[in-house]
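The domain 'G-protein coupled receptors family 1 profile' annotation in TrEMBL covers 47-293. As annotated by TrEMBL, transmembrane segment applies to 30-53, 65-88, 108-125, 145-167, 187-207, 240-261, 277-295.
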Amino acid sequence: MNECYYDRRMDFFYNRTKTDTADEWTGAQLIGVLCFGTFFCLFIFISNSLVIAAVVKNKRFHFPFYYLLANLAAADFFAGIAYVFLMFNTGPVSKTLTVNRWFLRQGLLDTSLTASLVNLLVIAVERHMSIMRMKIHSNLTKKRVTFLIISIWAIAIFMGAVPTLGWNCLCDITVCSSLAPIYSRSYLVFWSVLNLVVFFIMVVVYIRIYMYVQRKTNVLSSHTSGSISRRRTPVKLMKTVMTVLGAFVVCWTPGLVVLLLDGLNCADCGIQNVKRWFLLLALLNSVMNPIIYSYKDDEMWATMKRMICCSSEDKSQERRSSRIPSTVLCRSTDTSGHYIEDGIIQGTICGKGDLGDKGNS
């Protein structure tokens with residue numbers, strides 16, 4: 001029967017796997033890393049809080065798509081918490097951690113990744129349901145969206161706790177990984193392959209949706225004399241989500257590949273030399289998302305700017321505004337169940353006047 005090592009500190013596992021715990025991160029380098037991480041974590045907290053508040057405050061965002069987008073911002077906010085905990089429990093401190101504290105450190109990171117990934121997958125399904133049925137927004141009710149959000153976090157918490165629940169190497173240290181000294185290599189292979197497969201599925205789904213919408217708008221363009229902006233509204237609807245997904249895949253794929261190589265026990269891959277850089281790249285993803293939301297969506301940026309300036313909403317100015325959000329339509333369009341073709345041909349997508357002005361802006 002194998003001996004279990006639940007009562008050992010992490011230095012036992014790090015020393016056994018010869019894992020570099022960044023002993024050189026001392027003095028000025030450690031202070032620089034902490035300052036750098038603190039700045040970006042503060043930005044993550046503030047910017048993602050603004051995104052969530054904007055969705056709550058602006059009634060134009062009261063659609064399933066934006067509720068899920070706000071939940072994605074909440075996942076990024078949670079990632080900021082995980083990074084703060086990691087900053088003060090990494091480097092030389094890693095060896096002094098107990099097994100349970102190390103599990104908590106990694107579990108927070110795994111939970112935040114899973115929450116973002118599952119949320120993007122749900123958004124992909126929501127977009128597929130809407131666009132393939134020729135509707136701008138799905139018919140999901142608030143209760144169903146709430147259930148989906150709760151389910152997303154339940155799955156994320158469970159996946160983050162899987163190693164703690166038993167899939168680890170504490171009772172068989174011969175299968176311990178190098179990057180995660182108390183995770184079994186089989187778990188790292190499962191974790192990385194699962195996430196990479198989901199990445200691939202989502203990319204294929206969004207490419208299919210984008211090509212479908214673009215083909216439809218091109219066909220309809222020959223049958224309507226409306227503005228180019230009006231005909232391309234469904235295409236613009238996808239750009240925010242596809243940009244967010246692209247950033248997510250680019251920022252997380254390198255780290256997952258490194259975990260996969262570690263799980264496959266690749267001793268000559270030099271994974272110890274790149275692990276910190278790929279972790280910083282993953283941190284950058286939570287910084288990028290709020291920027292993408294505000295850059296791609298005029299209404300989101302306007303709402304966030306009003307909140308930053310602490311100014312009250314000027315309703316008369318909103319009525320005069322000629323700019324509409326690139327990924328949202330007026331509430332009446334969704335509830336009345338107008339189809340994309342109807343919105344393009346008849347100009348019912350948030351009003352003809354608005355779209356005409358948008359095309360000139």
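Cβ atoms are placed via backbone N, Cα and C, with glycine included.
Caution: TrEMBL annotation is automatic and unverified by curators.
Computed over the domain 'G-protein coupled receptors family 1 profile' (47-293), the whole-number mean pLDDT of the model equals 84. Same-chain residues lying 6+ beyond the ends of the transmembrane segment (145-167) with a Cβ under 8 Å from its Cβ atoms: 64, 67-68, 71, 75, 103, 106-112, 114-115, 118-119, 122, 182-184, 186-187. If you look at the transmembrane segment (65-88), the same-chain residues 6 or more away from its ends with a CB under 8 A from one of its CBs are 33-34, 37-38, 40-41, 44-45, 48-49, 51-52, 55-56, 104-105, 108-109, 111-113, 115-116, 119-120, 122-123, 126-127, 130, 137-138, 142, 145, 148-149, 152, 156, 244, 283, 285-286, 289-290, 293, 327-328. Ranked by the number of CB pairs under 8 Å to the transmembrane segment (277-295), the listed stretches 30-53, 108-125, 187-207, 240-261 are led by 240-261. Beyond its flanks by at least six residues, the transmembrane segment (240-261) meets 72, 113, 116-117, 120, 123-124, 127, 179-180, 188-189, 191-193, 195-196, 199, 202-203, 206, 210, 269, 271, 274-275, 278-279, 281-282, 284-285, 288-289, 292-293, 296-297, 326-327 of its own chain at Cβ-Cβ distances under 8 Å.
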